[in-house]
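Taking it in order: structure first as structure tokens, then the write-up.
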Amino acid sequence: MVKYKFPDDFIWGVATSAYQIEGAYNKDGKGENIWDRFTSIPGNIYKNHNGNVACDHYHLYQSDINILKELGIKNYRFSISWARIFPDGYGKVNQKGIEYYRRLINALLDKGIQPAITLYHWDLPQELQDIGGWTNKKVVDYFVEYAELMFKEFGDLVPIWITHNEPWVVSILGHAWGVHAPGIKDYKIALKVAHNILLSHGKVVKLYRSMSLKGKIGITLNLSSIHSATDSEKDLLAAKIYDGFMNRWFLDAILKGSYPEDMKKLYNELNILPQFSDDDMKIINERIDFLGINYYTRSVVKYDENAYPLKVSMLDLDNPKTDMGWEIYPKGLYELLINLHKNYDGIDILITENGAAFNDIVNYKGKVVDDYRIDYLYRHLLEAYRAICDGVNLKGYYLWSFLDNFEWAEGYSKRFGIVFVDYNTQKRIIKDSAYWYSDVIKNNGITE
Ligand SMILES: CO[C@H](O)c1c[n+]2c([nH]1)[C@H](O)[C@@H](O)[C@H](O)[C@H]2CO
């Protein structure tokens with residue numbers, strides 16, 4: 001008996017990204033990217049881990065797809081490595097790169113699995129970083145060139161396209177906090193990068209429309225439900241600012257065609273507001289078919305006089321957390337979905353990432369009994385179900401992640417997969433959560 005049944009056409013999938021699983025970092029003509037470079041610098045990554053081999057998915061993709069088939073997973077979100085296609089970021093095309101992704105896409109389709117492609121999941125070709133990366137408007141045009149080739153090669157095979165994964169993370173973690181590639185620590189640069197990424201997004205959506213392709217295109221944003229630590233005026237303002245910093249800056253630009261006034265004023269006062277034109281905002285506001293959201297946890301914030309530049313800091317609550325130290329707060333997914341539905345005209349939404357890292361152990365039977373992950377997924381899917389019942393146009397859910405993989409600055413220390421990867425042997429072990437999720441897909445809902 002299915003207690004919580006999802007809509008008949010609901011998309012159930014899993015997600016990965018190229019740098020985190022492919023490996024083969026220098027094989028078959030692939031160029032260097034900024035994560036190859038960033039991980040080669042000692043101290044940047046936990047125990048100096050890197051993605052040189054990762055899950056070796058570049059060579060093991062067929063057996064991995066067989067696991068997807070065995071689990072009855074019919075939708076798979078993955079990203080294309082830009083430097084595998086254009087080793088220098090533009091110009092010369094690497095045919096072996098195109099051939100790899102064609103093999104991968106055809107192998108998925110042969111098993112009845114629908115691909116969803118993310119064009120950019122953080123792995124900028126290093127040659128482009130060497131000319132300023134996303135601060136350089138030329139990179140915007142090179143992204144359009146890369147996207148056009150991908151649409152020409154795979155546009156008739158792939159029904160769902162995501163231009164960018166999490167421009168906020170690329171901008172802030174990569175260019176303000178410096179904990180992600182390329183390791184820059186400058187808020188003004190970070191907001192200029194965010195603007196150019198959004199420009200590249202809008203140009204590519206417009207290009208996709210001009211090519212009369214039959215699929216759907218959108219963008220993925222990392223969004224969080226923001227709570228103030230107290231009801232004090234200062235903490236409530238801190239929450240509004242953090243909501244603007246993480247959520248509204250991107251949502252309003254993409255879906256309303258203007259950056260939020262309160263944040264423009266604040267950024268201008270802080271002298272970190274990027275330059276932009278009305279024409280820019282029209283391009284960014286190009287109509288999308290869906291909004292992709294990555295939800296993992298809420299953010300509880302307070303006013304903090306010493307916190308540069310926003311005078312906002314996060315609280316570390318003593319509540320149940322995942323291995324990433326992120327509070328387990330499923331209700332935040334419901335709150336976020338309802339807010340998006342109300343404030344952005346009921347746009348179609350795909351949850352393009354939701355999942356949890358836990359310290360998984362292979363037991364004496366060779367099994368991974370990850371009940372914590374099942375509990376996390378169950379509680380979040382229940383909130384997604386509640387949101388659908390309350391009118392939200394939620395069209396699908398891609399679980400993060402299919403495989404344990406390279407978790408950026410945390411290296412291989414954090415396991416998000418529903419399939420365990422032994423990095424010494426590249427053996428895969430299907431975790432209990434994968435079998436649980438397989439049942440959810442088979443039943444199109446939750447049975448208890
Ligand atoms: C605050 O979490 C972010 O939304 C977020 C979490 N995650 C992400 N974004 C990225 O899209 C993935 O590549 C990460 O592997 C994954 C797990 O950390």
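Note: Cβ is positioned from N, Cα and C throughout, glycine not excepted.
Curation plays no part in TrEMBL annotations; they are all automatic predictions.
Quick look at what TrEMBL lists:
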BINDING   Q20, H121, N165, Y296, W400, E407, W408  substrate binding site
ACT_SITE  E166  active site, proton donor
ACT_SITE  E353  active site, nucleophile
Enter the number of other CB atoms within 10 angstroms of the CB of E407 (substrate binding site).
-> 20
Within 8 Å of the centroid of the Cβ atoms of Q20, H121, N165, Y296, W400, E407, W408, which other residues of that chain place their own Cβ, given that this set defines the recorded substrate site?
-> S17, E353, S401, N405, F416
Could you find out if DSSP has Y296 (substrate binding site) as helix, strand or coil?
-> coil
Can you tell me how far the Cα of Y296 (substrate binding site) sits from the Cα of the residue listed as 'active site, nucleophile', in Å?
-> 8
Can you figure out which of Q20, H121, E353, E407, W408 (the recorded positions) comes closest in space to the residue listed as 'active site, proton donor', comparing Cα atoms?
-> H121
Which ones in the same chain are close to W400 (substrate binding site), with CB under 8 Å and 6+ residues apart in sequence?
-> V14, A15, N294, E353, N354, G355, F416
Would you count the other CB atoms within 10 A of the CB of Q20 (substrate binding site), including those on all shown protein chains?
-> 26
Assigned element (helix, strand, coil) containing W408 (substrate binding site), judged by DSSP | helix
For E166 (active site, proton donor), name the DSSP secondary structure in the helix/strand/coil scheme.
-> coil
